[in-house]
């Protein structure tokens, strides 16, 4: 079981050996899941210019529920299956996801969690991300890859997903612990969250996602992560749901807990962007006076 759980992260060394050995193909697919605010960086353009050999671009803007008023909500089973099938991913493919964020990893855990939410277990995040891949001198290319289409069957695992109604009910029942991965100022309500007044769900504990990464942008050790959860009095033997602003960085909490042997962390997909619009005022905790 430890080995199976350990696959949630792969090292740049492991992946570069797989690339050099020509293993990228039907059995191993590499996906760049980068997303940046459009005014800052163009993820697709950067991918075209430079990516891991054999990688495809996993577009989080495309692979989502476009009918939702909230950003980046989980797509339907059929949409996800069709989308990843076109990237050459079948149910037997080992998928490795990465992104090019300067932190090391930002959006990749969201893609990792999406695959898991749709029943795919063989999925890993590249530890250290593209930033460290380049820094360590591993190969990059501008060559587009043309993966042969594959058939992917998606089955949503509802235990990994929480809705607004479940999160509301939990404020009273406290059936599950809630960890919020946003920066402290947004959690406390002292700084604006991209135009939204900020704050948090009553009872939530704050563990900013960047605190799970080392200065170099790698995931902290399992011992360090376990200590972080202990310090916040989060019990990994009990139900846990992660939240953030739009369901992206919450997936860092799911990944961190997974590395500690807890694979069942749910993500509240709507997160603060939905909570802000739908929850009654007394359900929005803020330190702003």
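FYI, residue positions are counted from 1 along the chain as it appears here.
Placed from the backbone N, Cα and C atoms, the Cβ positions cover glycine too.
Under the three-state DSSP scheme, residue 244 (active site, cysteine persulfide intermediate) falls in the coil class. Counting every protein chain shown, the Cβ of residue 244 (active site, cysteine persulfide intermediate) has 27 other Cβ atoms within 10 Å. Swiss-Prot lists 244 with the feature active site, cysteine persulfide intermediate.
Around residue 186 (substrate binding site), taking its Cβ as the centre, 23 other Cβ atoms fall within 10 Å, counting all chains. The substrate binding site feature in Swiss-Prot is assigned to 186, 246.
The domain 'Rhodanese 1' annotation in Swiss-Prot covers 24-142 and is backed by sequence analysis.
Per-class residue totals from DSSP over the domain 'Rhodanese 2' (172-284), listed helix then strand then coil: 42 helix, 18 strand, 53 coil. Per Swiss-Prot, the feature domain 'Rhodanese 2' maps to 172-284.
Marked as region 'Hinge' by Swiss-Prot: 143-158. When Cβ-Cβ distances below 8 Å are used as the criterion, the region 'Hinge' (143-158) is approached by residues 24-26, 29, 48, 53-56, 74, 77-78, 80-81, 84-91, 93, 116-120 of the same chain, each at least six residues removed from its ends.
According to DSSP, the region 'Hinge' (143-158) comprises 1 helix, 0 strand, 15 coil. Other Cβ atoms within 10 Å of the Cβ of residue 246 (substrate binding site), summed over all protein chains shown, number 20.
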